[in-house]
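K.L.:
Take a look at this one; I'll ask things after.
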């Protein structure tokens, strides 16, 4: 057979190939002719480039939007033909223009110019327009850094700064859009009741004092009705809103054109809008026709309607207002025209309190004797107190709406080109319009008319309408429909924004608003929006609602700038905007300007908005769904972590900053479940969420077979979540547990963030184990932590330790300070008592005194030492006298706990390190040269010197009795026992250690059997591995009879200090 016969196309079996192993005939035929057989096994997870490009070409970022809703409502599914979409002008420029130019321009800009003056008004416009321009630059950079689905600013911020910031700012933007709907509806009703049908008021004021209250109530009633009507239109179908949008846009354009046409006409022929002044005070002229006190009719003097307003009767001898008598009435033109020079009078501001009369400063006036003001007189006065910051808050909503283009990114032919160009051009155009309007209004209209908010001095005409050509009704009708359209757009956009946030799943309590009608219409979100919008309508004042939505929009714009600045400074590889005219300094300037404007507008509203955003942020952080969107905050965290790790590498931590950085060694059962979850509870109680915690375990096997399980470590992470352990999970696969734990001790952590303490459970069933592997693994782990200069904590009976839900009402934490371990024994109870589980437990410290120690002085020294350490604990010194002193016995217990000063006074050469690895002072090595206990070795000639004996407590008692019963042996007989001398010394060493363990255990059990937790110094393992089993016996005897024990072994450095 040919070696290439596997390439044949007949039915004969193909020769197996090391590169191709296909069972499915269809799949095999699929790859024939693809010339990609080498990568055949990769195709399932990694698609071919052609397939990838095909998917990208067919990708659409359109959410289920208006087109789908219209088709559903009409019951017709249209065949989609991919045709030319909207360009920059239709898709971005005009929508932004429509959203930016609105109610403030028509209803408040003239009043702003008259109150703040041309210079300050111009400064406000420049400041606000600069803010939006800088925000647009930042938004353009973000919008051109990849595809932006419909969702606008929320999508951009959430994907740039993460779900916490995205959710907080998204909800703020939603609230801003909703309150904008309230503002537009209030503007609509104000135009309707003030300028179109003033007689339609439901509430009519009987007195002058009740007029403001009646106006507010009328606004509430008509506003609620208008809101219900608009919500019904949106609910029935957004197709009607979209079809009317062109009408609303036409109204805005015609109104702007009428204003500029009127300005040009004033230079040629100013319109006739006379205003009446009494002295220098402006009068409301909608109740009289002639601006005169009296008039001549048939050679007789008759009083006018103006006389009736200031006098108690229409007769010439009537009693009149003093100011009316002293001053003459003057009629001047309210629109003197562009060339009149009135611009000089309107340069400066005219702020004042509520109720202040609107006066023409350069007009002659004789003050009245009676300074009190009768509110029933027809003067024009301020309805609110005016100041600069109020002007900023009211004006800023007029420059919002710059996100309209980014919200339509799915409808654009080339979104990455259209969004920057259209948005920036729209802002530039509207900025030019606002700046020129400020100057032209001040140059054409008399100051007292500008300050007349509701046009009372020009027969209840809209002030900006008096300037329009050919008729004021062009502006009135145009502004009315413009406000209606803007309100409908807000009620259409806000519910969809709330629905997008709800469907992202980052705010759990908003899940219900993600549902809607079968066609995707956000019904529940619309009801929520209408409810919030009603709150703004109940406020009933456009001047009070405007600063509220200014806060929310400024908050949104602030975070757009922050997102761009963070992404630019981080320089992440994915940050490649097509829009190149941006810089992080511009974004930072825009962010600073937004923050400044927030506090300029209203510092208390700014604090409330920031608190709302902060609460939403913390809620999403702790309760929201975890999302990974590759946001900039995570990148910022990585950079900050890298910087901090590098700094930590520069020098080891000072004793003041030392805290246990835990490596928790967990053992898993056959189902990969955690054997001792209470070990994680102890970790949580010890750390309280601070410092480094690495929860680790080892899977026996190869990485190829267990790699996926090691990476996910689902059950370990679930246990950490259940026990509220904050830290990192690190599970490795190794051929055996011993090597795995060794690797973890050596390599866990990164840089300066490495563990310094190992926490593990005591192998409780080591005696019953069939093999010696468990306890040998334990001892090797102890040896490795010692070699690595790391502290070791071993918990006995870990399953009896309290859980995080337990509260230990009383009891003690007993510390048996036998050898100085750097202060870790003192530090651990202090850390445990910071947690609510151990908070009510008292701390007791026991120290052991030898025969030659002064117990009283030792207690005083220890109390002083604890006082200097700022630790509150009861101190007790226990005298432990050995009742058994065999030959060559050496007391294991040292007196280092007497005082750190006494230890430091000993010369370094006075300390020895025995087999246990624990420092022993020479003064405590008690040698007995008597060798009579060696006599019994004659009877043990059959014992091999290599034989190993395990010492238990029973063997200790038997050896003790044997030593007492046997006769003495002479020194000369020892020369005959040289082969057994090593064995004898080892046995005697084990006797000494077991004796120490028994005696110390008796003392500890006597004093601390009822303690909630006992902390003991842990002796080190023997250097000779032949004594490992004896070492385990010693520890077992030492902890016998105690419920909860924590063996502590220091890492070889001081961890607590008396200095500040």
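A Cβ is built for glycine as well, from the same backbone N, Cα and C atoms used for every other residue.
So TrEMBL lists the following for this protein:
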- 92-264: domain 'Amino acid permease/ SLC12A' (DOMAIN)
- 381-663: domain 'Amino acid permease/ SLC12A' (DOMAIN)
- 677-791: domain 'SLC12A transporter C-terminal' (DOMAIN)
- 792-881: domain 'SLC12A transporter C-terminal' (DOMAIN)
- 993-1060: domain 'SLC12A transporter C-terminal' (DOMAIN)
- 88-109: transmembrane segment (TRANSMEM)
- 121-144: transmembrane segment (TRANSMEM)
- 165-185: transmembrane segment (TRANSMEM)
- 191-207: transmembrane segment (TRANSMEM)
- 219-238: transmembrane segment (TRANSMEM)
- 244-263: transmembrane segment (TRANSMEM)
- 379-404: transmembrane segment (TRANSMEM)
- 424-450: transmembrane segment (TRANSMEM)
- 524-542: transmembrane segment (TRANSMEM)
- 548-570: transmembrane segment (TRANSMEM)
- 582-606: transmembrane segment (TRANSMEM)
K.L.:
Please indicate, using numbers and ranges, the residues of the same chain that are 6 or more beyond the transmembrane segment (244-263) and have a C-beta under 8 Å from a C-beta there.
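P.N.:
That would be 94, 97-98, 101-102, 106, 271, 338, 433, 437, 440, 444, 464, 467-470, 474-475, 477-479, 481-482, 484-486, 488-489.
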K.L.:
Which residues of the same chain, at least 6 past either end of the transmembrane segment (379-404), have a Cβ under 8 Å from a Cβ in it?
P.N.:
92, 95-96, 98-105, 108-109, 112, 115-116, 120-121, 124-125, 127-129, 131-132, 135-136, 139, 152-153, 176, 180, 183, 212, 278, 281-284, 349, 351-358, 373, 423, 426-427, 430-431, 434, 448, 451-453, 456-457, 543, 546-547, 549-550, 553-554, 597, 600-602, 605
K.L.:
Mean pLDDT for the domain 'SLC12A transporter C-terminal' (993-1060), rounded to an integer?
P.N.:
84
K.L.:
Residues sitting near the transmembrane segment (219-238): Cβ under 8 Å, six or more positions beyond its termini, same chain?
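P.N.:
Sequence-remote neighbours of the transmembrane segment (219-238) are 66, 69-70, 73, 181-182, 185-186, 188-190, 192-193, 202-203, 484, 487-488, 491-492, 495, 521, 523, 526, 529-530, 533-534, 537-538, 540-541.
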K.L.:
Applying the under-8 angstroms CB criterion, which one of 121-144, 165-185, 191-207, 524-542 scores highest with the transmembrane segment (548-570)?
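P.N.:
Top-ranked stretch among 121-144, 165-185, 191-207, 524-542: 165-185.
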K.L.:
Six or more residues beyond either end and a Cβ under 8 Å away: which residues meet both conditions relative to the transmembrane segment (524-542)?
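P.N.:
For the transmembrane segment (524-542), the nonlocal Cβ contacts are 103, 107-108, 175, 178-179, 181-183, 185-187, 190, 216-217, 219-220, 223-224, 227-228, 231, 234-235, 490-491, 494-496, 498-499, 502, 512-513, 515-516, 548.
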K.L.:
Are there residues at least 6 beyond the ends of the transmembrane segment (165-185) whose Cβ is under 8 Å from a Cβ of it, and what are they?
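P.N.:
Cβ under 8 Å, 6 or more out: 102-103, 153-154, 157-159, 223, 226-227, 230, 397, 400, 483-484, 486-487, 490-491, 493-494, 497-498, 500-501, 504, 506-507, 529, 532-537, 539, 542, 545-546, 548-549, 551-553, 555-556, 559, 563, 609, 612-614, 616-617, 620, 624, 629, 631, 633.
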K.L.:
If you run through the domain 'SLC12A transporter C-terminal' (993-1060) with DSSP, how many residues end up as helix, strand and coil?
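P.N.:
Counts, helix then strand then coil: 30 helix, 10 strand, 28 coil.
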K.L.:
What is the number of residues in the domain 'SLC12A transporter C-terminal' (792-881) that are helix, strand and coil, as DSSP sees it?
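P.N.:
Helix, strand, coil within the domain 'SLC12A transporter C-terminal' (792-881): 26 helix, 25 strand, 39 coil.
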K.L.:
Tally the residues of the domain 'SLC12A transporter C-terminal' (677-791) by DSSP class, grouping H, G and I as helix, E and B as strand, and everything else as coil.
P.N.:
55 helix, 23 strand, 37 coil
